[in-house]
Structure formats: C-alpha cells, structure tokens
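Feature annotations, reproduced from TrEMBL:
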- B:12-31: transmembrane segment (TRANSMEM)
- B:64-87: transmembrane segment (TRANSMEM)
- B:144-163: transmembrane segment (TRANSMEM)
- B:191-213: transmembrane segment (TRANSMEM)
- B:257-280: transmembrane segment (TRANSMEM)
- B:310-327: transmembrane segment (TRANSMEM)
- B:388-406: transmembrane segment (TRANSMEM)
- B:413-434: transmembrane segment (TRANSMEM)
- B:457-473: transmembrane segment (TRANSMEM)
- B:507-526: transmembrane segment (TRANSMEM)
- B:546-569: transmembrane segment (TRANSMEM)
- B:581-602: transmembrane segment (TRANSMEM)
Amino acid sequence: MLKVENLTARYGRAQILNGVSLELGGNEVVALLGRNGAGKSTTMKCIMGLVEQKTGVISYDGADLMRLPPHMICRAGIGYVPEERRIFPELTVAENLEVGRRPKRDGAPEWTLAHLFELFPNLAERQGNLGKQLSGGEQQMLTIARTLMGNPSAVLLDEPSEGIAPVIVEQMARVIAELKAEGLSVLISEQNLYFARAVADRAIIIEKGALRYEGSFADLDAHPEVSQQYLAV
Amino acid sequence: MGFYLAQLLTGLANASSLFLIACGLSIIFGVTRIVNFAHGSFYMVGAYLAYSLVTWMDGGIFGFWLSLLVAALIVGVLGLIVEVTILRRIYHAPELFQLVATFGVVLIVQDAALAIWGAEDLLGPRAPGLARAVRILGEPIPEYDLALIVIGPLVLGAIWLLFHRTRWGILVRAATQDREMVDALGVNQRWLFSAVFVLGSALAGLGGALQIPREAVSLQMDLSVIGEAFVVVVIGGMGSVSGAFVAAVLISVLNAFAILIFPQISIVLPFVVMAVVLIVRPYGLFGRPGSEAGGAEEPEQPLRLMSRRGAMVLAAFVLILAASPAVTGDFTSILLVDVMVAMLFAVSLHFMMGIGGMVSFGHAAYFGVGAYAAAMGMKYLGLSMLPAMALGPVAAAGAALLFGWFCVRLSGVYLAMLTLAAAQILWGVTYQWGEVTGGDDGILGIWPAGWASGDKAYFYLAMVLCVGGMFLLRRMAHSPFGYGLRGVRDSAVRAEAIGMDVKLHQWMGFTVAGAFAGLAGVVFVFSKGSVFPDVLGISQSVDGLIMVLLGGIHALAGPILGAGVFILIEDWVTRLDYWRVIFGGIILVVVLVAPDGVAGGVDRLLRAVGIRRGDAT
Ligand SMILES: Nc1ncnc2c1ncn2[C@@H]1O[C@H](COP(=O)(O)OP(=O)(O)OP(=O)(O)O)[C@@H](O)[C@H]1O
Ligand SMILES: [Mg+2]
C-alpha cells in the first residue's frame, strides 16, 4: 500500500503542497482530481522522489520513500508516467522500451513485449520509429508501455487523457482497466471527472495543495457543490 | 594534384586525433553536462604514459600498440578517480563551479606530470612498422598518418555500435536526452555517469597516446588542445559523437588548406568557424535545443543593499588603502595595484555573471583589449597617458559591443563557449599579427606619465580608477538598469512578458562589463610597463572565474574579497616550486567545502556569532 501523510512541498520559495494525505491500496484505482495548478503533478513527483524540498511521510508497503532517489523508488515497485510524457525523442520506440526494462519483481505482474504490443497495437508497427516521430496519442501509449516494462506493482499516471483524441481516450480507459485486471494499483491524476469516474474506484480532490475531498464517486455525485467548487465542471 | 591530396590526407589524420579527444569530451558533456577543462589533462597524461610505456616495453609492433591501449586504460582509471572524488559532488552545482573545479584538476595534473616526467619535452619513438612514408601521386605521406586516418572512423564505428547495440549505450543516449526520466525508470545514474566518464577519459588518453609518434610530449599539451576540442564539440553539437567527427574533419581539412593561403590562420580558424556555426545554428551542427545546459537552478537570493554599518566598514577599508603607501614599502604598493586591478576585473565579471546571468569563459578578451588599446594608442598614435587610458575602456566596450551582439543570442554553456571563442580569436590574432601587436614579444615601454610615475603616485592613480570603477559598477547594479538585468536573469520569459527587451538588456550588460574589464586592463598595462598576448588567454579568463567563485557569486562584495584573496594566495604560492598543486587544491577545497565562497563563509560566521541577523537558509 502506498501511503502519503501530511506531505508539503515547495519549489524555491513557492509553497505548492500544504499537507496532502492519501492512500492507495493494493489493486485499487484512485483518481487524484483538481484544477490546473492544484498540485496533482507535484504530489506525484514527490512520491517519485523528483522534488527535493518536501516534508511529511511517504511509504510503500511499509518502506520509507522520503529520502530515496527516484531509481530506488522505481525499484521499490512504483512506476511513473509523467504528464509531459517525456519519451526519449532521439531513441526508437524499441529503445525507449528498453530503457524502461527491469527484472521481474515478486508480487507484480510481468509484462512482456508481446503483451504490451497486444495492449498497444500501434506501437508494434512503429518499433523502428524515433520517439519524436510519434503522434501525441502514440507517445502517450509509449510512455505507459515504457513504465510497464519495469514491471511495477503500482503506477502513477499523470493526466493520461490530456490533449489526445477521444478515440485514444477510450483506449486509455481500456488500458487502465487492463492494468487493474492484471493486479496493479493505479493512482491517476485527472481534471476530467467523467473519465475519472469511468476508470477509478474512488476519488481524491485537492485544491491549492491541500486535500478537499476523499470518497466514492457516488458521494461526490450526491454533493454537486463539491465538484462545483474544486473542479472545472 | 598530388600536393592537394597530401594536404587533404594530413588534414584527415589531424581530424582523427582531434576526433578522439573531442568525442570523449562530447560524450561526457552530453550525459553529465560538465564542461570538463581537465579533458586536456587526460590527453596529456595519455601521451606521457604512452611515451613511458613504449620506451620501457620496447616491444616492436605489438608492444607499441599494447602500450597505447594500456595508457588509455590507465587514463580511464584516472578519470574514474576524478569523477568519484570530485565531479560526483558537483553535478548539481552551477557551471561556474564545475568549470573552476575541473580547472583545479588541470593545475594539479600539470604539477604531477612535472614531478613525474620533468619539464623537458619528450620526443617519442616512431611507430614500429609505420615509420616510413609512402608515395601517393608522387607526394610522400607518412604511413602513420594513414593509420590514423583509419583509426578515427574505426573508433567512431565502435562507439556507434556501443551506443546503439548495447543496453548500456541506449541508457547513455537516453540520459543525454532526459537524465531525470532515466532515473525515474530505475537506472542508477551514478554508475552511468562514472562509466561514461571512464570511457570519455580513456578516449582522451588514447588520443594523446596516438600523438607520440607525431609530436613531442610536453606540459603545454593540455591547454593547447582543450580549446580546439571545445570548438569541435560545440560545432558538432554538444553530446553528439557523429557531430564531433564531422566537426573534426571540417576543422582539420579547412585548416589544412587555409594555411596554404594564409599561414597564420591556424590558431584563429577553428574559433572563427565555431563562431559562424553558433550564429547560424545555435546548438551546433547535430545538437538539439533539448540538450540545453543542465546547470543548476541555484536558489537566487536578492542582493542586499549594503547596510549603513557595511558602508562604513567599506569606507574604512578605502581609507586604510589610501593611507597604506605612507606606512608600507613600494613593494606593497605594487602588490596592492595588482590586487585592485584584479578586484575591478572580478567585479566586472561578476556584473556580467552574477547580475547579468551570462557565464563568460572569455572575459580576458576585454581586459586584454583595454590593455592593448592603451599600449597601441601610446605607441602608434603617440597619445600621452591619460588619453591612452581613456582609449582602453572605449576599445573594450567596442569589442564587447561586437562580440556581445552574437553572444546574447545564445544562453547557458553555448553562450559561455562563444565568449571563449571570441577571446581565443583575439588572442590568436594578437599572437600571430606580430607587425602590429608585437606578437609573442608583446609591446614594451608603456610607462605612466612623469607625474604618475613613482610607485606611490601610480598607486593613487590606480586607486582612483579601480575603486571608482567598482563604485560605478555597484551603482549600476542598483540602478533600474541593474534591476532590469537581474529580472532578465531570473526569468527571461517574465521580463519579456512585461515588455522588456531582453536581448538589448543583456547586450548592454555585456558591454558595460567589457568596458570595466578594459579599464582594469589599462591600469594593469601601465603598472607593468608592457603587455603580452597572455592577458587575453584562457588562464586570465579562468583567473577571473576563480576570483568570483572564491568570493561567492551571491554577494556584491564577493568578487572584491575573492580577488583580494586570489592575488594574495597567488603572490604567496607562486614562489613555491609546486604552486599549481597547492592552488588547485585550494580551488577544489573551496568548491567542495565552501561553495558559497569566502563571502558566504564570512557571512555564515557573522551569523553564527550573531552579528548579522537573517534567516539562515
Ligand atoms: N518546477 C516548478 N517550479 C516552480 N513552480 C512550479 C514548478 N512546477 C509546478 N509549479 C507550480 O506549482 C503549482 C502546482 O503545479 P502542479 O503541476 O502540481 O499542478 P497540477 O495540479 O498538476 O496542474 P495541471 O492540471 O495544470 O497539470 C502551479 O502553480 C505551478 O505553477
Ligand atoms: Mg499536472
């Protein structure tokens, strides 16, 4: 289980997170919702060890992650799919996947190339293409596939539906369902409530770097003023 | 026809050696983002080691080539030691720290080589089996040159395979594009960086080792090669191996033919080509904008206006300085002039870097132009001292106006490299154009006018000019122009958004910094009575950087303190035999232990004893 308690973070002088707490249980899909600039990406970067100035507690299956460098957090079983995708533009699709490859880990599903190409048929055809030659949707698939090559047990997905065509968004929803079916835990940041509702088991809303709501989508629907206030709906 | 072919082949042979050095440098930069001055030292050590091994083994063809490989391997191990003990600690430090730290390594290696191999140039043996020349179209071509022409592309091919056919190579290429992402994907960068450094150093060592049948091994090899290697890396695109190959061929072949037309051009040509390429393609031939310099985001502290007490302390210092000739000897006055010149030079460099946010590796250019302009004004125009003195800063401002226009179009390491190119071009021209500049012999007999000619009289003149110059620069740092410059430094985007002309601001900042460096040069030339090309050289530029670093970049008083400390240390250690080791050691200690410099150290001390308050972050 991934546990974040009272997390604060800042970039230089700007305080971005003011005490975020959340939990991601085994084989659970949780949506992290919030407006532009709410601190969703920063939360994920903190978990991944990519933010220096932070306080609080971050642990995974009981192991403290606060002081670990990103590669150790990855090796602990957490996969990270950044919002900007950050594929390697001058590497081919196959090479991009190779960078993500890690040995199988106990208690996590193992992803083979064949399985990934089944999940992302477009990538199979484009293995020899450079990362920068892919379309936005293909890049999004590649970045997820690259992370899965590390055989993680939990995945942080930062706004996977952002800026891609509606068909691909649908495909993305199927991919997330498949990840859950394989036994992964997924923390997915979103602005799009409809997409989040379709893929996630429950919701967390943050605003200005602090927790505003935590609960089921049913409860959220019963209190429309909450989403009204904190989400761009 | 045969003659031109011979010329081409010589060019290609040179290209091979140049490529070996440059590609190591480029690989290291691509992954670690370190501008590694010590790369030239690895090249030199490779040559020395190969010399020792070849003469010791004396084992025919096999022994010769084995010696070269072993030399390269040992240099690789040396690289590992440098990476683990020094560079690993400063990957996130600003470029200035990295540069100065690697320069500290240069100094230490120079003295180590001096201690081991002595000051004499060593003439290596010819390569067994390749000692003769073959005739091609009637022209004699050394067999060894032909071997080199083959070795260059072979190494390129081997590196290509390594980078495209092994997991390690793919990781290295990925890291040159986005090292943080590579980290987040579970790759321990420490080992990646170390391994890359070993590879790059070994290639430099191999480049040096391969030179021994062609040129004498000497203690000057390090700095003489590093400038050209930088040029090749920048032209090719930092981090690109094939770019380095193309650039090495381009430079060497151009050079081989250009010297037929204009024999003096060889020193200047590479830098001219680099300047042209950077202006047309700001990231080099094969470079990508994405591989922008990864210098650190240093937490910027706002400059504090000096407190009343601080101003009083400063005024007291100036008074003590003014009174010093009354109580000390002439010797001290002369030393104090050196100190003041260094201070003004450092403050002008700090204005450009600390306030303007532009790192310069070639600030000596403007110091030197100031010095030469004054000297030439006296010599050729028959000016008296004061008009000649006035000419210096004006000429330096002119040079800064010209070069600055090109430089401010770039940023980060590329800007720094272009400043280096500018300085090297000026140095090369000065060195080669003997009829006008006196070349290596310099210009002599530039003494102050009668009324300022005593050591004490000149001390006061120097004090007025230097202290006045520093005061003016300080005022400018706190003027609207200075605030504008800092705004541009902190966020060019934001400055642009509120309607500031970013490039114009930087250009003017560059010019102001150049003018005051020129003033320092003027005071310098009249205190020495002569000027030589080395006032424009890399060492002079690096001295300025060391002063700024010693003092601490964040405080306005930093460069003043740093320059003072620098000159006093220099005055003390250069009397010793192995002063470079001591000096290099001091630099490394400062970089590794007190990264906020002497001013920062003093500041912390004051805070610790409670004299100065403020949050200690
Ligand atoms: N590297 C950085 N330096 C300084 N401030 C930053 C940095 N990255 C993000 N911020 C600021 O932190 C705040 C939170 O950003 P964050 O990216 O976490 O928000 P988000 O919830 O992911 O928003 P979005 O939906 O736009 O992705 C924003 O105000 C942003 O401007
Ligand atoms: Mg975000």
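Numbering starts at 1 and runs along the chain as it is shown here.
Backbone N, Cα and C atoms are what each Cβ position is placed from, and that goes for glycine too.
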Top partner of the transmembrane segment (B:507-526) among B:64-87, B:413-434, B:457-473, B:546-569 - counted as Cβ pairs under 8 Å
B:457-473
How about the transmembrane segment (B:191-213) and the transmembrane segment (B:12-31): do they have 3 or more C-beta pairs under 8 A, pairs 6 or more apart in sequence?
yes
For the transmembrane segment (B:413-434), which stretch among B:12-31, B:144-163, B:257-280, B:457-473, B:546-569 has the most Cβ pairs under 8 A?
B:257-280
Before we move on, state whether the transmembrane segment (B:12-31) and the transmembrane segment (B:144-163) share at least 3 Cβ pairs under 8 Å, counting only pairs 6 or more apart in sequence.
yes
